């Protein structure tokens, strides 16, 4: 499942974030890549624990916990603290699959990367190239969203970032460990939850709603890991 979640940050917030990022001190993005991924990774990144990265990440996570789309699709259990990257002219990241497990710096806890997310932090017309290309059971998708919008997709997906040929591309990225690790099961639950919400709006007194809601929770009970 690939999901577009719009409008997590508004235009004024994005403007302030972009100004801060343009003044930031960046490090080589290879520091958080695995052995194989590092060979394909050519970008910049704010160091883990950087004050600006923590500020943006905290605001993002707070909004996601209140976002019905994210909560329904991801069924989040743990979220890796968001990282911030920058692709300038020539920057790119070849095809790769993210590491299965991630450990936040300074934490003993590991997170299984069931879902990957990218939040775009500048307008798509401010740079050329830089598309996020995701290859999975849904086919090949090229993603280049408006500033403040986020894409959510399976951590098992082969993906890359096309070379930036003009300007700079700023983004936040992170991983989520879901209560339900299997993508097909999460997709089924997401579609079922959406159908229940729509039926509740259209025919709120329909007797089948109780049964459908019960079936949703029984499936979640069967598949969830806590």
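Quick reminder: no glycine exception, Cβ is built from N, Cα and C everywhere.
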Fe cation binding, same site as 96, 98 - Swiss-Prot member from 42, 50, 77, 159: 159
Count of other CB atoms lying within 10 Å of the CB belonging to residue 98 (Fe cation binding site): 20
Reported mean pLDDT - the domain 'Fe2OG dioxygenase' (78-178): 97
Rounded inter-Cα distance in Å - residue 169 (2-oxoglutarate binding site), residue 159 (Fe cation binding site): 17
Fewest Cβ neighbours within 10 Å, where candidates are the binding-site residues 96, 169: 96
Local Cβ density at residue 159 (Fe cation binding site) - other Cβ atoms counted within 10 Å: 23
